[in-house]
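S.K.: Features from Swiss-Prot:
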type    : residues           : note
BINDING : 153, 156, 166, 169 : Zn(2+) binding site
BINDING : 344                : ATP binding site
DOMAIN  : 599-698            : domain 'tRNA-binding'
MOTIF   : 21-31              : motif ''HIGH' region'
MOTIF   : 341-345            : motif ''KMSKS' region'
């Protein structure tokens, strides 16, 4: 019975997916830190644990944004996605992301499972047809989706509001609510015209989703977010009026395609089917997707939580195939760059192609892993990158490997020496090694890559301290102490073996080299974690001459990279200056005539203290704030959710327009407005310290 249980555990199937990257541009470091490096570390570890691992990903290639970008670039949508599919696939290879298969949603086999989902959901009563008014361009002779539309915000009157949300006040709305809507491409006026679409009735899944969620022990940030999201589930359109996408499988649906968020997660299934076909075993995919004993792990960024924790599970519940529901959902927070969000449009990013001309995949993998955004946002800085590379990889890890192996080559003819009688310090050292190996395994298995990277360096430092304290160079001077030297070096070799093992998921190139230096013929990736952990190094095994594992990152290189980043950002800013200046003149002079002092005096500006802050349901931009303005406490809805965390707002003194007429924003009545300064990609509330709530501002 015990053997059967062990066999079941050892052969457990683990299906790992990373969120499909959108083939609308090249990847950047922020993407890698969220869904790809953590997944790859987990996959590599579980393979070492001899689990039946299948790691699947692919390009997400449909959607309105693709057609918009392709139009602007003068390419067809297919040419556009072909370009970025291959660029991103190449980046993944350079980063050594070990997908078992990397697919794409434009491959013909993706259509069948997508249609199967739609037909099942329709027949089971979870999809219904509705006719709604949508914005239509008579000039272009087509309906325009949100991304193609601009107009006047129905809330604050800003004239360049986007089709789904206002960048000025943060309000979310339907594109049909815009005043004076016009085409983003041609500036042509738009009219409302009825059109038919199909809606997924997500509200029908609230109860089963909540019951299913109760069985999960996910990160608190995931559970807390998705509970609120499920509470507000409602019917969502799953079709669009366009040509680029998966067709709607109904006879009266010409010119309609399935919305990208509907078909994209089905790409996990179609990619697995393609993998099986390429192996010549057409039904092999069923072993993973249709077996309830399979462990399904979806690695995503936090912006994908709604789709993977509610919408796609609802789609699976509503169709007829016994597909696996996700078991684990490691959702990471955002990874920023030098204090700001990565932004290609703002020139605030690191070009991966350029990066690989100067640095290695191990360097960036370790730098990201050691500061992974697992529970809160984190950031990449060039100074920190230099510190991680020089102090950790070179100074601790590389130094230990080099000094031990060079010493053995010089004193032991390049062979693993025999250990003598262990002293208490030796036994403690070897036990600490085993403990750290176990801790690393626990960290990898629970998606704690950051902790695993710390353990890796703790083991490196443990070996360095032991080597220094035992002073084998002194024992080498006398024949009667060489036995002691051999014992020290044998223990150090055990440390290097363990170090190669636990570091392989994070820095596979360096770890594999260390493994080869130790004289092993079998590639490390094919080894068994538990066997390597307990087996001793063979006596007299011939070791290889060590090579340099890591290069130093010089100050000049860091200064060059920071300057390059600043220049790229400045170039982007200059290119946008003419348009920005034109908009500024239009908004600040033409739209806002001069006022006299009496008009200004009509405003009641007061200091308010924020005492509560809560996200507004169904809005990414808005917070509902409870503000003390001295004479009373008021609800104020503010579009600051992108720029402030709840804890940053509590207790903050702000300036409130206290006599503004109440306005309804996303179902919440706002009794005022906060003053803020808004720059390119940033917003700061006007704050006044050390002044009592209710104080007048003039």
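Quick reminder: no glycine exception, Cβ is built from N, Cα and C everywhere.
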S.K.: Ranking the binding-site residues 153, 156, 166 by other Cβ atoms within 10 Å, which is at the bottom?
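M.R.: Ranked by other Cβ atoms within 10 Å, the binding-site residues 153, 156, 166 bottom out at 156.
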S.K.: May I ask for the residues of the chain that lie six or more residues beyond the motif ''HIGH' region' (21-31) and have a Cβ under 8 Å from a Cβ within it?
M.R.: 57, 59-61, 63, 65-66, 69, 80-81, 84-85, 87-88, 91-92, 104, 301, 334-337, 341-342, 344, 349-353, 364, 368, 380
S.K.: Which whole-number value in Å describes the distance between the Cα atoms of residue 344 (ATP binding site) and residue 156 (Zn(2+) binding site)?
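M.R.: Distance (Cα to Cα, whole Å): 29 Å.
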S.K.: Tell me, what is the mean pLDDT of the domain 'tRNA-binding' (599-698)?
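M.R.: A mean pLDDT of 85 is what the predicted model shows over the domain 'tRNA-binding' (599-698).
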S.K.: Once 153, 156, 166, 169 are set aside, which residues in the chain still have Cβ within 8 Å of the Cβ centroid of the Zn(2+) site?
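M.R.: Apart from 153, 156, 166, 169, the close residues are 154, 155, 157, 158, 161, 167, 168, 170, 171, 639.
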S.K.: For a quick check of packing: other C-beta atoms within 10 Å of the C-beta of residue 169 (Zn(2+) binding site), how many?
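M.R.: Cβ-Cβ neighbours of residue 169 (Zn(2+) binding site) within 10 Å number 21.
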S.K.: According to DSSP, does residue 153 (Zn(2+) binding site) sit in a helix, a strand, or coil?
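M.R.: DSSP call for residue 153 (Zn(2+) binding site): coil, neither helix nor strand.
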